[in-house]
Amino acid sequence: MAMNGLKLGTTSQAYLEGKAVSDTKALISDLCRQFYHLGWVSGTGGSITIKVHDDSVPKPEQLVVMSPSGVQKERMVPEDMYVLSPNGSVLCSPSPKPYPHKPPKCSDCGPLFMKAYDMRDAGAVIHSHGMESCLVTMINPLAKEFRITHMEMIKGIKGHGYYDELVVPIIENTAYEYELTESLAKAIEAYPKTTAVLVRNHGIYVWGDSWINAKTQAECYHYLFEAAIKLHQLGLDPTTPNHGPIQQNVKGVLESGIHRNISVKAATAASDNTSEPSQRCIVLDIEGTTTPISFVTDVLFPYARNNVGRHLSATYDTEETQDDIKLLCIQVQEDLEKGVAGAVPIPSDDAGKEEVVAALVANVDAMIKADRKITALKQLQGHIWRTGYEKNELKGVVFDDVPEALKKWHDSGIKVYIYSSGSRLAQRLIFGNSNYGDLREYLSGFFDTTVGNKRESSSYAEIVQSVGVDKPSEVLFVTDVFQEAVAAKAAGLEVIVSIRPGNGALPENHGFKTITSFLEI
């Protein structure tokens, strides 16, 4: 094995020839054989890279093992692998093999892999040439995104649930792999939630925190691509919750043998000039818009406040609750540093479960009383409310006009999303357990404060990017909060303000259209 330079620590010869590096090389060989039989790396195409996991080394400083380029992936052995430094320089390269083997060459995907490592703190990256990942980008040659919703395998993608809409950016192919680096980086930056980028007529790049996470997601992505292709062949729309027939006369036109989305307004105007909504998407607030404010303030908040101690104690050792506690501890530490009223120190685990829970309860109680819109609180509340719904101690409430309007928009091909300061879980619970039954079939997705504060225009710009419209004006946002309306309008969205019983007063001459019922839209 040839090595360049004299290094210490993880780049010493002893470390490079040690168990951690050797195991990672062997793992890549094994995975490539599996991927070959899946059709992901046939014809020497595709590649994989994994960071050398070592608990004593921070992930950004871990070494990188990468498969070579232009070789039969199913026949690779550990000695064929390259070892790179965290910045991408080659530390270890394989020895040449006799004819007919080509001289060794590190993967052409190297620069793209390093972008995923640098921009997403990935632990592994997979590049697949799977047929389904290629064909799915050809269904609509003009599409810049792949979209699908209401499929079980979406749950295998980080940060997504069954009811969410999965969005994967598509970049255009180039003659040489390395030329994709800039467009891949732009896609990663533009889609902060994505864990994959499709390359048209080429394949896909998938990354994860670990090789297991990357592999799991890659399998789910390929499954979803194949499902979308088959749904399209059957004339069914993978982007709608019920996967109903593609509506040519409303949602698309047949152009060059493919369905291409157009606005509802354009289609209906061409047919009968009736007055239909011009928006392709509607985004709804919950509190004071779909649901009485009193349900949130008088039912949900007290339930969470009264049950936080019981919930934390009963579920203390679960991974989910430990994650909730970790987020709360981070938030409380920030609050203490800023002198936020009601914040009290949380003792270490050594103090015992009861003392930790008591401190957490005190902080959560103060956060709820202040109605703080912070992820740590909202995530915990969602988990507490879930228990309440499961025990039939809670029932979601929506205004009487909401179910009829949701069905009407859904049947018209208009996608409806929810954007609330409550967690996505809390949102799904309200609509999945409402006084009118399960209404989630009419909803295409849910947004919470992870996209940004509801009073900042950048949050709405992020939503526009996620719902796949050409212009922000194709999205209608309905809210009861004036400041949210201003922020959405600044981002270019159409805005309507909801006037419901119990809502706060609006400023004089606010300038927004108002409604008292969704049936007015």
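Every residue gets a Cβ built from N, Cα and C, even glycine.
A TrEMBL annotation is a machine prediction, not a hand-curated record.
Feature annotation from TrEMBL assigns active site, proton donor/acceptor to Glu152. Per TrEMBL, substrate 1 binding site is recorded for Cys109. Annotated Zn(2+) binding site per TrEMBL: His127, His129, His202, in sequence order. Annotation source TrEMBL lists Mg(2+) binding site at Asp285, Glu287, Asp480. The substrate 2 binding site annotation in TrEMBL covers Ser420, Ser421, Lys454. The feature domain 'Class II aldolase/adducin N-terminal' is assigned by TrEMBL to 26-229. The annotation region 'Methylthioribulose-1-phosphate dehydratase' is assigned in TrEMBL to 1-237. Positions annotated as region 'Enolase-phosphatase E1' by TrEMBL: 282-521.
Considering only the binding-site residues Cys109, His127, His202, Ser420, Ser421, the residues lying within 10 A of Asp285 (Mg(2+) binding site) on a C-alpha to C-alpha basis are Ser420, Ser421.
When pLDDT values are averaged over the region 'Enolase-phosphatase E1' (282-521), the model yields 93. The Mg(2+) site, placed at the center of the C-beta atoms of Asp285, Glu287, Asp480, has further neighbours from the same chain whose C-beta lies within 8 angstroms: Ile286, Gly288, Thr289, Thr290, Thr291, Ile293, Ser420, Thr479, Val481, Glu484, Ser498, Asn503. If you take the Cα of His202 (Zn(2+) binding site) and the Cα of Glu287 (Mg(2+) binding site), they are about 45 angstrom apart, rounded to a whole number. Here the C-alpha separation of Ser420 (substrate 2 binding site) and Asp480 (Mg(2+) binding site) works out to 12 Å. Report note: the Zn(2+) site is defined by His127, His129, His202, and the residues of the same chain whose CB lies within 8 Å of the CB centroid of those residues, excluding them, are Gly45, Gly46, Ser128, Gly130, Ser133, Cys134, Val199, Gly203, Ile204, Tyr205.
Long-range Cβ contacts of His129 (Zn(2+) binding site) within its own chain (separation 6+, distance under 8 Å): Gly39, Trp40, Val41, Ser42, Gly43, Gly45, Gly46, His202, Gly203.
Cα proximity to His127 (Zn(2+) binding site) (within 10 Å) is found for the following recorded positions from Cys109, Glu152, Glu287, Ser421, Lys454, Asp480: Cys109. Checking Cα-Cα distances from Glu287 (Mg(2+) binding site) against the recorded positions (Cys109, Glu152, Ser421, Lys454) with a 10 Å cut-off leaves Ser421, in sequence order. Cβ contacts within 10 Å of Glu287 (Mg(2+) binding site), excluding its own Cβ and spanning all protein chains shown: 23. For Ser421 (substrate 2 binding site), the spatially nearest entry among the recorded positions Cys109, Glu152, Asp480 is Asp480, judged by CA separation.
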